[in-house]
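**Student:** Quick one: the structure is below, and I'll ask about it shortly.
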Amino acid sequence: MNNLLKIMKYDWKRNNVAFTTFTAVFAIVQLFLLFSHSLLNWNANIVYIFSSVGFIVPVSMIVVFMCKTYAANLSSYSRRLIPVSGGWTIASPLVLGSIALILLPFVFYGYSELYNAVTGSNFHVLNPIVDSLSNVAAALIIYFWTLLFLTIAIQFSITLAKSVSIKKLGPWVGIAAFFIIQMVVSWIDNLLFDNDGSFNFVAETDSAANVISYQVQLWNAQLWGSAILQAVVAAIMFYTMVKLLNKRVQL
Amino acid sequence: MSSILKLTSVSKRYTSSRNALHNVSFDLQAGKVVGLLGSNGSGKSTIMKMAAGLLQPTSGTVSVTGIPVGTASKAVTSFMPDRPMTESWMRVKDAVLFYQDFFSDFDKVKATEMLRFMNVNEDERVGALSKGMSERLHLSLALSRNAKLYLLDEPIGGVDLVARDKILDAILQYYSEESCLVVSTHLVSDIERIFDEVVFIRNGSVVLHEEVETIRMKYGKSVEEKFKEVYAES
Amino acid sequence: MTMEFDNNQPIYLQIMNHMKRQIIVGKLKPGDKIDSVRELAAELQINPNTIQRTFQELEREGIVETRRGLGRYVTSEESTIMSIKKEMAGELLDRFVIGMRELGFESKDIITIVSEAVSEKDKKGSE
């Protein structure tokens, strides 16, 4: 555990300049958009949509940071020569990234409230159809877990690519492994939980079977089923990565 | 005497024959300074990296103090690699702290002392160091650990004569009876007098493993001459 | 102590001879303390085990003695030092005699030449 904290410290130090720079640029852009309505008289509705969609950028940057840090650590002497098990090397960027991923929705919520206050609009971050506490929690879990699983799968592919003894073949093996894992997981998911990837809209109907409205139900058996399946796959990938890191990965 | 680094029938295959190894076996003891000699691409660097845990043999086993190379052996192995062990954001003092954080056998006082002896400024950015200075930093860090096995990969590769003398002094000064120090090099004459024994590697095989005084006694030749003779055969 | 080494010869023999010579010429006196293995290794930039071996051989020949907890000292036995002198003189003489024979001198001539050379040196020295 102590080793994890030490590795996290050095992963943070390695990224802190890039991270701070990115955060500053993002904050400036969002602040500009925040005041664009009052200063430039831009359409508040359209700007809000843009700045909300803009939050996809930090989300993807966090994933990129996690994967890049991991990949860099795999081929860095300083990390490969220390007597620390490979597990911590894998976990460290995941934990750091997770902290950022968990904080981000709250930032987004805060930003939206601020936007409403500044522009006098009335945007509801939480869409009316998902606006129940359980749905919000479920949405956050889906958001967080999807990205974490994606990152673990990418880490796994990188590890695999580095373990292939014929160097030129490595990246292709890694890429192939990534897509195969994604396909296999969704195939099993379908098979076991009949998960068609839709958002589980449950239609509310009247007595004549006419649809009145759709109610989304994120908190359901399928969700948990898929999450558990992915967790199992992630655990297998993690275990394999530790083995590969300690035994096979070439510099 | 106890065995420190032991290779048993170690082979390493690559797509090209460069750096490959064929059935290499040897056993190095505590209290010895060993020269691992060979030309570039002979496989000596491959052996060093395997002992450090950076590469895995295709077949055979490598063990350090009897433990197979892995996380546990890294705690008793101090490797001075041919590539930086530091990270670009670091200053020299950060590199010292890094070693202190991860190696329990690291002696910070010794490191500070040695960096001063080597004229390395602790506030310098590691990225701004010249090749020679970077070698001095890495040697200081590597020798400031109280390890069982020291692996110095080409420690006098690109340095000037003054630095070479300092490096030899440092090696001799920090040598200990409980540990084994392996130096890989192709510049034999400069440092042959600090060796107890030498291992000649040619095209991935051990061609000679002998005590240096025995070589001088038996053949009336210096290690360097013997080395040239062995390489001329190929 | 500074010395040049010939890498073709065992280093420990070279250091042994060097120390013997120093004893003979009086740079190292009977009863003098000798540098430790580590000090000498650092000074000469020589492997410490080689120095260790040098000392062991010198001890075996009775030239150096270890006093427990104090270190190593040049022996105070005059006879031992005398015998080193003789031994080294013997080596010189052997080489000299062989060289002279190769030049074609008879034993008698060699003795004459040596005694002439010695008295010549003495004369020059007294002038």
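Including glycine, each Cβ sits where the backbone N, Cα and C put it.
Automatic, uncurated: that is what TrEMBL annotation is.
Per TrEMBL, transmembrane segment is recorded for A:21-40, A:46-67, A:88-112, A:132-157, A:169-188, A:223-242.
Mind mapping these onto the model and telling me what they sit next to?
**Tutor:** Long-range contacts of the transmembrane segment (A:21-40) within the same chain, counting only residues at least 6 positions beyond its ends with a Cβ under 8 Å from a Cβ of the stretch, are 47, 50-51, 54, 57-58, 61, 111, 114-115, 118-119.
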**Student:** Which residues, given as numbers and ranges, are at least 6 beyond the ends of the transmembrane segment (A:46-67) yet have a Cβ under 8 Å from it?
**Tutor:** 15, 18-19, 22-23, 26, 29-30, 33-34, 36-37, 93-94, 96-97, 100-101, 104, 108, 111-112, 115, 119, 121, 123, 147, 150-151, 154-155, 158
**Student:** Using a Cβ-Cβ cut-off of under 8 Å, list the residues of the same chain that are 6+ residues beyond the ends of the transmembrane segment (A:169-188) and lie near it.
**Tutor:** 153-154, 156-158, 160-163, 197, 229-230, 233, 237
